[in-house]
Amino acid sequence: MLRETAQESADSMDANYRWFHPAPNTLAAAVGSPRMWERKPDGKDLNFGVVRVGVGMTRPEVTWGEPQNMPTDIELEPVTGKALQEFGRYQSVVYNLPKMVSLLVEPWYALVGEREQVLGLMRAIICQLAFSHGPDHVQMIVVSSDLDQWDWVKWLPHFGDSRRHDAAGNARMVYTSVREFAAEQAELFAGRGSFTPRHASSSAQTPTPHTVIIADVDDPQWEYVISAEGVDGVTFFDLTGSSMWTDIPERKLQFDKTGVIEALPRDRDTWMVIDDKAWFFALTDQVSIAEAEEFAQKLAQWRLAEAYEEIGQRVAHIGARDILSYYGIDDPGNIDFDSLWASRTDTMGRSRLRAPFGNRSDNGELLFLDMKSLDEGGDGPHGVMSGTTGSGKSTLVRTVIESLMLSHPPEELQFVLADLKGGSAVKPFAGVPHVSRIITDLEEDQALMERFLDALWGEIARRKAICDSAGVDDAKEYNSVRARMRARGQDMAPLPMLVVVIDEFYEWFRIMPTAVDVLDSIGRQGRAYWIHLMMASQTIESRAEKLMENMGYRLVLKARTAGAAQAAGVPNAVNLPAQAGLGYFRKSLEDIIRFQAEFLWRDYFQPGVSIDGEEAPALVHSIDYIRPQLFTNSFTPLEVSVGGPDIEPVVAQPNGEVLESDDIEGGEDEDEEGVRTPKVGTVIIDQLRKIKFEPYRLWQPPLTQPVAIDDLVNRFLGRPWHKEYGSACNLVFPIGIIDRPYKHDQPPWTVDTSGPGANVLILGAGGSGKTTALQTLICSAALTHTPQQVQFYCLAYSSTALTTVSRIPHVGEVAGPTDPYGVRRTVAELLALVRERKRSFLECGIASMEMFRRRKFGGEAGPVPDDGFGDVYLVIDNYRALAEENEVLIEQVNVIINQGPSFGVHVVVTADRESELRPPVRSGFGSRIELRLAAVEDAKLVRSRFAKDVPVKPGRGMVAVNYVRLDSDPQAGLHTLVARPALGSTPDNVFECDSVVAAVSRLTSAQAPPVRRLPARFGVEQVRELASRDTRQGVGAGGIAWAISELDLAPVYLNFAENSHLMVTGRRECGRTTTLATIMSEIGRLYAPGASSAPPPAPGRPSAQVWLVDPRRQLLTALGSDYVERFAYNLDGVVAMMGELAAALAGREPPPGLSAEELLSRSWWSGPEIFLIVDDIQQLPPGFDSPLHKAVPFVNRAADVGLHVIVTRTFGGWSSAGSDPMLRALHQANAPLLVMDADPDEGFIRGKMKGGPLPRGRGLLMAEDTGVFVQVAATEVRR
């Protein structure tokens, strides 16, 4: 609680100080605003003569004292005691607040330091004085021998000498020596006493003008001009140290090389010196010559009309019969708004919300609309206007709005202008600073109407919160408190009056009947917070009766029907003549005034110019020609005219242009089509648009056009995305905007994948923009993170649109259904990364991905895996399509979904329905993006009744309300819109990522690691090379290496510890025989010859004996006769060979009575391992006629007898292969099955695995219920 109080106090001080003492570099933008020359020497304005010099530390408004029963240091518990002491010490000052000096406290100030710093600060001081003080309150003089440094001050009216004039106006008070200054300004000191500080003065008011003298000349004569006590009303700034009087410590501001100012500390309220030792005072403000000159040139156009006399005292409104006369406007094309509004600065006065709009019909007097509450003497805070077509309703609306604008500056009065239809009445006010927003065509979308009402409710809540924070009940009391605080030199957040104009409101009630009650409630609650409703419609009928009860004034033009006139409250309105602008002003039942509205949209002609252009007097240049002279600080004498060239006469035109005489004679008739005369109202609006003021925006644009991704990321980061590129320390990606009409903002819609939300599910119906959302997410990550930090691997199963991200440096792969191998390799690569990181994280002592990121990218010490990846994202566009195409692959994906996030491997998927996901992984998606859903029952972020309101537009979605709103369901929806995956420099209809690719590629040359792919041909020697370095356990390493796994590009072995056999099937020319040749080649490498004719093997080396069935006789030379015990190529040979093999195997069967140790050691027989290799088993008779049936009984006892069966078969008719006894026995033994190029129409082969088209040598190795694609090592086969 104490910390919050301290922070609120510090924030309040910061806002207050910076309001009254803004940074110098902000002043140029505020020139011409009502804040210019706001300081008053009336004794009430404590900031008069106070000028900022930098920023520093200040004691807080809220002070902290120890409690009476505060324990001693010994009694304090160490941790909390230390925290309490640190809290008190830290809260003893407020940092980075403006630091000021007062011109009314000391007669001299010395700026001591390096010259460039001194000049930079002096320029800042001059700019602040010139901005906040009028030239009649502060005048400035420069005395310098370096006039180039001060050339820019010629533009400031404060340096003009009102007593002396030259050809350029007031002579500039810039002098080169003390002597020249004294000679010209001798009377400045005449009759003046010594300097009297403000705190010692008997008068609260300050004599003006106060003179500031900048002494930038090394001249000791200053002591002859001014004494140590100074001169009353004069402050000197010594920049050279030439004056002996500036050596007094309390008058010195000492710089060091870093811009730090040291000075004697003073009391903040009394300005009294409180210590005789210099402290740190401030970090100096600095303004360059260029910045100062820009500011001075902007200020040069402003002059005082009269010496700060109240404008209201010199403009007589008595007898004014039209709006412009009332406001004292002679030329609508040249309005001095500062002067106009100067007499209307009292927001609590009678003129608040009181504006003329027309004349009484009986006596012609100007008629006023007063929108204050009835208890304040007004006509009511809310009102209606009505009038049938042609009655002048739209013109009356514009007239009232413009008249109110003329009577109030934009910081005091704001408008929201809404029109159910085209907006003809309100569109002309676009760009006027009084207008927060113009909203048109509301009737086209009821959602826009609801959104508009939400914004009004939100504005009531915002204003209520502001009032509650100030401890007041309503806007009137708040602004009264604010006025008192400003008088004491403090300020509060502005709370201007808000007029909400709704044109054609009756159409609203027709489309949305509940709007009557809602607007009535808004009107009742909004009046306390200065929210005023002005409703206009062509007709009013009985359904608006409830709303009309809350309406104060009524401006009723001609009604179309008696019923409409009766509903408007003025029955006679139906009898009005058809005259535009003629109507009744009803204040009450008894007070009804007939009026004629003023037509401000009449033609505008410049004063002094005839309506008939041909009669306009020609402005002919005199032959007396004055030679132009350079404007400098020096005195510029008036020159006599000299003969000049003959110049053709020119004529001033009504639109302000000037035509040559030739053009006058030959000009076209101004009444011809295409020539338009400007209107008074339009000219005034053009003048208002020039005022620099940004109103509070309570209405954000509807979600019709997606924002560009760079604009979104810039908004999210608070800086251009390319600045500090890659510095993001989290994995939060902005993907769109959230529309919060109640909060009046559209914050970025983000996805946080750094924690529980590591996996992302994007749900949406067809055409909802799921693929675009993926593109946007990837582009967002590319603009916030480097290719070393995040990588993306995409499976595009929805459309080819996702391929547009393929060239982004962060994207390592984009594969689709036309590239099944690329799809498999992508999944395999990331699954292998998960498995590798399981091992490497343990080796490196990494406990979490947060630690991994800190070590790899955050500079934290410690080892990290050198796998070349950061956070990796597997992106699957259309999960269902992938699952239907590849059952094996989707199981691998599901493993990544469940295990990957712990190791920095994320999965992002799109789906039409959540039910398309496999049940085990549905809970694996912590981040969820819901676009327009195919079934609202899938909605989890919002209730289903809200989800159905998402419009049928790509990219639109909904999230839950993320703020407290008492009148709303907490699971109500906020509409969202996915950003466009292209830069803002591209057209709005571009959704390709080429611009992102180009922009990111200019910043980084890094690239996400590409997916490694198996080569089309992999030699057996290459496999052996990989096998020689393989240190894996439990995979059969050291055995027969015959293929490369697609999963991790590691060798695949015949792992006899798990299974003794292998089946190979595939279509013609798929590489079945080559597979056998490779395995036979490996047998020859790893085993000693084991045929009967072979010599005995070396001790310790196993031997192998091959029994070969080769109907096509292509493997006869794969191994020599010392390995091949028997071979057969026809049926009789196979029958005979199988008899011999069966006899040999029978001799190896274990006899009865063996011990457990003997059974485990297989010691009952010795000899070579027997390999039965059968190529093209389909060429042998199946069933009981199979010549292999004698060997079949030994298949399931293969480990006992040392038998290994390797069989190939064509794929055709695989579903009937079970009729072959050998294949049936191998299936029963769970022998691995390699399915090479195959026909997927055969259906499931094993479990839920199918075959499919594959290149030569490629196959799916199925073991039990799992499968992995492999590339068989190539070995030359005899043809």
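Placement of Cβ uses the backbone N, Cα and C atoms for every residue, glycine included.
TrEMBL annotations:
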type    : residues                    : note
DOMAIN  : 364-566                     : domain 'FtsK'
BINDING : 387-394, 764-771, 1066-1073 : ATP binding site
DOMAIN  : 746-940                     : domain 'FtsK'
DOMAIN  : 1049-1242                   : domain 'FtsK'
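Taking the features listed in TrEMBL, we show where each one sits on the structure.
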residue	record	contacts (Cβ under 8 Å, 6+ apart)
Gly387	ATP binding site	Lys393, Leu396, Gln538, Val556, Leu557, Lys558, Ala559, Gly583
Gly390	ATP binding site	Lys558, Ala578, Ala580
Ala765	ATP binding site	Asp912, Leu931, Arg932, Leu933, Ala934
Ser768	ATP binding site	Leu931, Arg932, Leu933, Pro954, Gly955, Arg956, Gly957
Thr771	ATP binding site	Ala796, Ser798, Ser799, Ala801, Leu802, Asp877, Thr910
Arg1068	ATP binding site	Thr1210
Gly1071	ATP binding site	Met1236, Arg1256, Gly1257, Arg1258, Gly1259, Val1272, Ala1274
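In the three-state DSSP reading, Lys393 (ATP binding site) counts as helix. Taking the domain 'FtsK' (746-940) as a whole, pLDDT averages 95 in the prediction.
Following the DSSP three-state reduction, the secondary structure of Thr771 (ATP binding site) is helix.
The Cβ of Lys393 (ATP binding site) has 27 other Cβ atoms within 10 Å, all protein chains considered.
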